[in-house]
Amino acid sequence: MKTTISHIKADIGSLPGHSSVYEPVVQEVGKFIKEHGNGILTDHFISHVGDDIQITMIHNRGVDNSEIHELAWDAFIAGTAVAKKVGLYGAGQDLLKDSFSGNIKGMGPGVAEMEINARKSEPFIIYMMDKTEPGAFNFPIFKMFADPYNTPGLVIDPNMHDGFKFEIWDIIEGKKIYLDTPDHMYDIMGMIGSKSRYVIKRVFTKKNHEKLPDENVSVITTDKLSFIAGEYVGKDDPAGIVRIQSGLPASGESLEAFSHPYLVSGWMRGSFNGPLMPVGMKNANMTRFDGPPRVVALGFVLKDGKLTGPMDMFDDPAFDGARKTAVDVVDYLRRMGPFEPHRLPEDEMEYTSLPKVLERLKSQFQHIDMEPAKKKLKVSTKDFD
Ligand code: F6R
Ligand code: MG
Ligand code: MG
């Protein structure tokens, strides 16, 4: 029988302001899942990074299952009640619809799910990021599954040597494309470098993988809150699942992709670029300038529907160097104040509150005799999964 891993996350209120979750709210979400998930789930784990509560669920009902989605939605509603009671900031913030309507996608929470043929030992890592966007996964997922300088298994392991299949979404136009590595590496890089538009949604093994043919081995949340709500309502802080070992990236090859604190967008007011800092759970609270953007990694094994773990993978001095570089980059960037490229380029600011401020100046603009140049892209909220 196939096993499904469903990871659903949402910001339903923070302490004191977009910094961290509040433990009683996390507990309420966990209590709800435990009570109401009985008979539906075979196991679950509740965690958090920054102000986002993360629910990992194991079951046999496949992806896009309405009962599983409703369970997570109702758990977030239950947690929101506690958040409202104590006056948490932004209580219920990511729950953008009034009532559940069959599928949690497009309702605010981020969703990453995969149905798998679980191996004898099924090790995987859940990566959870705060103060950034889904495209922040493009760089490390590409490195893990396609860059031999990061992942020597691509050269050494016969099962990885033929590469992987990438599913890439154009989240502006609502289209997806499947491309193989290594053959189409340069085409893939041509797209995923534009991380606010093209996002890696899934990675699959190829058909000739001896141990796991044609399997989904990674999936990332791609939900854009501003596209759902039509305006900035908080950042679409993403999460991703990566299966590891035995013909897939080793645990350490997967983690290695985060050893360089590359720049991501979504920091302060969803409007700034900053370095992604890998941290252990004890450092998963957002402080300086509401950040900097962080990633935590929880490692599990799965057997007969039951989880063992997690191990807090970045709670390791081996990542101190990456953290130090991240803090140095923060010091450097912060001195730029509201200037690009610390602040996001204007087209990405369209989904923030800046247009409202600039609107006030509209009547003061005077005509200049020149050809206007800019064409606007159409935003689609269509579900194209
Ligand atoms: C939210 C975030 C924060 C907020 C900022 C202002 O995910 O990243 O940086 O955007 O704290 O919040 P408001 O506008 O709610 O006062
Ligand atoms: Mg928030
Ligand atoms: Mg958040």
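Cβ atoms are placed via backbone N, Cα and C, with glycine included.
Values in this document were obtained by computation on a predicted structure and should not be read as measured data.
The feature Mg(2+) 1 binding site is assigned by TrEMBL to Asp11, His18, Asp51, Gln93.
TrEMBL lists Asp11 with the feature active site, proton acceptor. Every protein chain considered, the tally of other Cβ atoms within 10 Å of the Cβ of Asp11 (Mg(2+) 1 binding site) stands at 31. In the three-state DSSP scheme, Asp11 (Mg(2+) 1 binding site) is classed as coil.
Summarising the annotation, TrEMBL assigns dihydroxyacetone phosphate binding site to His18, Lys131, Arg269, Asp290. The number of other CB atoms found within 10 A of the CB of His18 (Mg(2+) 1 binding site), across every protein chain shown, is 23.
Sequence annotations record features per position, and here TrEMBL assigns beta-D-fructose 1,6-bisphosphate binding site to His18, Tyr89, Gly102, Asn103, Lys131, Gln245, Ser246, Arg269, Asp290, Tyr351. The Cβ of Asp290 (dihydroxyacetone phosphate binding site) has 21 other Cβ atoms within 10 Å, all protein chains considered.
Around Asp52 (Mg(2+) 2 binding site), taking its Cβ as the centre, 28 other Cβ atoms fall within 10 Å, counting all chains. Taken residue by residue with DSSP, Asp52 (Mg(2+) 2 binding site) is part of a strand. According to TrEMBL, the Mg(2+) 2 binding site annotation covers Asp51, Asp52, Asp130, Asp237.
The active site, proton donor/acceptor feature in TrEMBL is assigned to Tyr232.
Feature annotation from TrEMBL assigns Mg(2+) 3 binding site to Lys235, Asp236, Asp237.
Sequence annotations record features per position, and here TrEMBL assigns active site, schiff-base intermediate with DHAP to Lys235.
Summarising the annotation, TrEMBL assigns Mg(2+) 4 binding site to Asp236. Mapped onto three states, the DSSP output places Asp236 (Mg(2+) 3 binding site) in coil.
Counting only the Cα atoms, the space from Asp290 (dihydroxyacetone phosphate binding site) to Gln93 (Mg(2+) 1 binding site) is about 17 angstrom. The shortest Cα-Cα distance between Asp11 (Mg(2+) 1 binding site) and any of the binding-site residues Asp52, Gly102, Asp236 is the one to Asp52.
Checked against ligand 2, the binding-site residues Asp11, Asp51, Asp52, Asp290 give Asp11, Asp51 as the ones with a Cβ under 6 Å from it, listed in sequence order. The Cβ neighbour count for Asp130 (Mg(2+) 2 binding site), using a 10 Å radius over every protein chain in view, is 31. In the three-state DSSP reading, Arg269 (dihydroxyacetone phosphate binding site) counts as helix.
On its own chain, Gly102 (beta-D-fructose 1,6-bisphosphate binding site) has Ser66, His69 as residues at least 6 apart in sequence with a Cβ closer than 8 Å to its own Cβ.
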